[in-house]
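K.L.:
Pulled these features from TrEMBL for this protein:
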type: COMPBIAS; residues: 86-97; note: compositional bias 'Low complexity'
type: DOMAIN; residues: 135-211; note: domain 'Cytochrome b5 heme-binding'
type: DOMAIN; residues: 245-336; note: domain 'CS'
type: DOMAIN; residues: 353-465; note: domain 'FAD-binding FR-type'
type: REGION; residues: 38-108; note: region 'Disordered'
Amino acid sequence: MRTSLWFLPCRRSVLSFGSALRGLNVLRHGAPHPGRPRKWVGGLASARPRSRSGRCYPRGGRAERSCPAVDPEQGPGQGSRMLNVPSQSFPAPSSQQRVASGGRSKVPLKQGRSLMDWIRLTKSGKDLTGLKGRLIEVTEEELKKHNTKDDCWICIRGFVYNVTPYMEYHPGGEDELMRAAGSDGTDLFDQVHRWVNYESMLKECLVGRMAVKPALPKDYHEEKKVLNGMLPKSQVADTLAKEGCSSPSYDWFQTDSSVTIVIYTKQKDINLDSVIVDHQDDSFRAEILIKDYSYIIHVELSHEIEEDFSVRVVENVGKIEIVLKKKENASWKRLGHPLENHNSLIPRKDTGLYYRKCRLISKEGVTHDTKLFCLMLPPSTHLQVPVGQHVYLKLTITGTEIVKPYTPVSDSLLSEFKEPVLLNNKYIYFLIKIYPAGLFTPELDQLQIGDFVSVSNPEGSFKISQFQELEDLFLLAAGTGFTPMVKILNYALTNIPSLRKVKLMFFNKTEDDIIWRSQLEKLAFKDKRFDVEFVLSAPTSEWNGKWGHISPALLSEFLKRSSDKSKVLICICGPTPFTEQGIRLLRDRNFSKEEIHSFTA
């Protein structure tokens, strides 16, 4: 069961300025009020106010992290502003972030308590912490005292916020915030949306940091007493032992013209989708997805290399080879200097989002309000978004960064529509509905061919293993909830030999809203295993098909197995009411949790 969204307005948009605060010495982005410096209280070092116009992300064509470590030379103020902005509602009706069941109740906000009202309040110079610009060190005993609606402090990742002034602005209602009043709300927050930059959204509410006992620093030199990339067993073995995995490691070798980095995952289910590589300037970063963990290689290379490289996976042993081309035929004495998280195995939920800038190649109309966007990855990036997973797109609009989640699709449902000259692993396609009154999609629609959009690493809980020995696949989609179904359809009809039947029930308001209708009908004609049914909620008098909303009557006819004991998977995606009602109806029909996958974050 998924918990309620935290600090995440479910209508319109989500505020999140700047990069995440990291480290014990980084506690605030700039001064809270014009001309008023921030000071530490209780024996802590003072911090000078910093400009809010600086940027924490690398510029130009560099890859970007959503939560980068702050350069100690820059200080805590060097962060850019960011808005995580959904259009109309968030998660978007088609987004994988939609709640599958047990979603929160939306609380009507009072007049003057919208997101934009909160933004204006945070910029007004009003003291929202009650500490007159001071930052303090908070003990557990002190935190527990602030546990009422009129005096509510919450700790998230070691930082304490006075959320009292935010109570009336929280779309989930006061009661949801009160669940963590006077306590550590980190776990509750992480269950929902770890990508939300709450630190920036609530930066004017920052009280200070939690008082902690001194911790012994890691022995850096001891950790480096290993050959090349062999990780100390103490770092990794215990982490993966419970998963039945062996510790990953890496090594490298060279010829006159190339350097090959070899990563030993010791996993049999590793494929090209599991490997993400980014090379920007001298920085080389490889992230290997191993179950719920990321193994990261991150170095500043000792010599220059060419932009393009190759990635090869030996799937039966889980070995990955990344071949880099030298710019000069010189012998390398070392691979390079270790950078952030180098040679580490980290839970994926803790790695943060890593961005790279992709070029807009094309955009074409699909329906009256939906377009197909094609983005090209940099030549120095290897990224293949797995089936059923999503990424985040980021644009800078009038100096403010805006982020939205989208599920990549295939360029077409039919092979004859595909352009053989385009290398699929260098292009990412998105079906995106344009909301004229929105903040993000109109700006995206205004981009010219050749402009750039930042694209994050993929996220999502869907596993290809769910297709194993599958016989019947049923897809329930509403509106742009169709997007995750595109790759699922392509993959299932191409790669599952046991598959007998695939059925899609596609809900829309009108005929004009149906995405890729002719392609779906042609696919059904071409592949007899596939069948599609269109259901409209507001049809014209000429419509001869099915109409209405998701219901027991529609599903009873639709969900017919090919045999009594056939293995079944049902995927569902759409607006929250659609998804929640669909889940209830499916469970009423005695489908198990293992047989139902709803696309949620």
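Each Cβ is built from the backbone N, Cα and C atoms, and glycine gets one as well.
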K.L.:
Per-residue pLDDT averaged over the domain 'FAD-binding FR-type' (353-465) comes to what?
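P.N.:
When the pLDDT values over the domain 'FAD-binding FR-type' (353-465) are averaged, the result is 88.
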K.L.:
Determine how many residues of the domain 'FAD-binding FR-type' (353-465) DSSP places in helix, in strand and in coil.
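P.N.:
For that range the per-state counts are 14 helix, 50 strand, 49 coil.
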K.L.:
Looking only at the domain 'CS' (245-336), how are its residues distributed among DSSP helix, strand and coil?
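P.N.:
Helix, strand and coil residues of the domain 'CS' (245-336) number 3 helix, 55 strand, 34 coil.
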